[in-house]
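S.K.: In case it's useful when we look at the structure, here is the feature table from TrEMBL:
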- 41-61: transmembrane segment (TRANSMEM)
- 81-104: transmembrane segment (TRANSMEM)
- 116-138: transmembrane segment (TRANSMEM)
- 199-216: transmembrane segment (TRANSMEM)
- 237-256: transmembrane segment (TRANSMEM)
- 276-299: transmembrane segment (TRANSMEM)
- 348-373: transmembrane segment (TRANSMEM)
- 385-414: transmembrane segment (TRANSMEM)
- 483-510: region 'Disordered' (REGION)
Amino acid sequence: MEKKSEINGHAMAGSASTDRIVEKSAQKSFREKLLEFLRKNLLVITTVSGVLVGVGLGMMVRNMSLTKAQMTYFAFPGEMLLRMLKMIILPLVVCSLISGAASLDTRSLGKLGGIAVAYFLVTTLIASGIGVTLAFIIKPGVGAGALNTNNLGLESVSSNKETTDSFLDLARNLFPANLVAAAFRSVSANVPIGTDTDGMNILGLVLFAMVFGVALRKLGEEGEELIRFFNAFNEATMVLVSWIMWYVPIGIMFLVGSKIVEMEDVVLLVTSLGKYIFASILGHIIHGGIVLPLIYFGFTRKNPFSFLSGLITPFTTAFATCSSSATLPSMIKCVEENNGVDKRISRFILPIGATVNMDGAAIFQCIAAVFIAQLNNAELNAGQIFTILVTATASSVGAAGIPAGGIITIAIILEAIGLPTNDLSLMLAVDWIVDRTTTVVNVEGDALGAGILHHINQQEMKKRHHQEEELAEVRVEAVANAQAEEETSPLVTHQTKALEATPEAIESVL
């Protein structure tokens, strides 16, 4: 009997040629799958390759004894990447938060916001706890009493800023006096009166954008046009982000390479501060590799590592740029496209997380504070340890926006527990190493927070949908029962007949 085969849905007589066509199409589909996989993961592959090539390039160029001007030229492509990413931060944060806050109803916004704040606080507090515990177990400062800034040829860093002033600055930054100025200036006080310093006041912009989005929602139809404008602005910004992402591998290669070329005496630094570096990176591995994935799994009952595998590009960007804010554009793009997180959730929570959620920073700040206490042979009592935990958790909120911003936060912690700030330059000397894993953990906390909120939101929607279905069923049953009663009840039948017999009675009632 003649074999039949189907091509494009049409039955055709089977033959050797048609079988070959089918085989070819199967082979083609495998090739297509491979090409599709490469196309999807091309950015990840090139970004990771950029880091590896950058390390090799840096090692080669390091032996060439470049002048300062030549080093600047070598670092230029990397500098351009940082400038591009920083350029996109302002429109991205403001527009995504306004459209995110405006797209959620006030009840959902309040609930999700409350869960987000609780998540950020709890994870940062756990991170601070890990940092203090590791510092007391590893004791990075014990036996390093002879080490000081002069041994390493470093300039001393001092801070005459009171702890109270730091928290007042936090409040001042939340409410900027001038929104335009907030785009490039933040408040910092060396005296109780706040003075403006260079650096975007992202905290004030985040708060304004959220409140403005809620206000637009409250306007109803009048606010719809402006919401549509910000939604369109946001989408256009994401298109720009997708273009910038293709320059990331080149920029990262030169960023990493130039950092390796700039390194002074790495061996001396690592041998002197090796235990401090080890404690900080171990803290980041524990928090980022165990604690945060466990929290994600506890909420969602899903594999956290499959979620994180879609975020290799933002993690590589975080590692190379050492900036949570600069990683934000790629993080939003990958969380939405690779992990399917709702746009309303990601564009609402990730800009806030990039500003206030600093788990990695809390770990290294706590380790640094205990390290400096051990360096100065100061015994920390329970009250001082508690102060370190609370101050690190609270002050990490305002630690975003400037390079080595965490160092200033350590000064706040040291002032709070009454320790000298002269040894801060030791932290600054190795900050470029520790800051890389710090930023990766910071952005990982934001991403997993977005994943948890997305899951909670999905559950709420399912529950609401189920309740609506049940209500619809109840209504259908009620209507069916009412109709059955009308048809069968002798009382209703009797009344209907009586009314039909006396139309005058109906008129008098009306």
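Note: Cβ is positioned from N, Cα and C throughout, glycine not excepted.
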S.K.: In the same chain, who gets a Cβ under 8 Å from the transmembrane segment (116-138) while lying at least 6 residues past its ends?
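M.R.: Contacts of the transmembrane segment (116-138) (Cβ under 8 Å, skipping residues fewer than 6 from its ends): 275, 278-279, 282-283, 286-287, 291-292, 295, 349, 352-353, 356-360, 362-367, 369-371, 374, 385, 388-389, 392-393, 396, 441, 445, 449, 452-453.
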S.K.: Please work out which recorded stretch in 41-61, 81-104, 237-256, 276-299, 348-373 has the most C-beta pairs separated by under 8 angstroms from the transmembrane segment (199-216)?
M.R.: 81-104
S.K.: Taking residues 6+ outside the transmembrane segment (41-61), which of them lie with a CB under 8 Å of any CB in it?
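M.R.: Residues packing against the transmembrane segment (41-61) from afar: 74, 245-246, 248-261, 312-313, 316-317, 319-320.
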S.K.: If we skip the immediate neighbours and take only residues 6+ beyond the ends of the transmembrane segment (348-373), which ones have a Cβ under 8 Å from one of its Cβ atoms?
M.R.: 92-93, 96-97, 100-101, 104, 109, 112, 116, 120, 123-124, 126-128, 130-132, 134-136, 140-141, 202-203, 206, 209-210, 276, 279-280, 283-284, 287-288, 292, 324-325, 327-328, 331-332, 335, 379-380, 384, 388-389, 392-393, 395-397, 399-400, 405-406, 409-410, 413-414, 417, 419-420, 423-424, 426-427, 434, 437-447, 449-450, 453
S.K.: I'd like to know if the transmembrane segment (276-299) touches the transmembrane segment (237-256) in this structure, counting it as a touch only when three or more C-beta pairs sit under 8 Å and are separated by 6 or more positions.
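M.R.: Per Cβ check, the transmembrane segment (237-256) does not touch the transmembrane segment (276-299).
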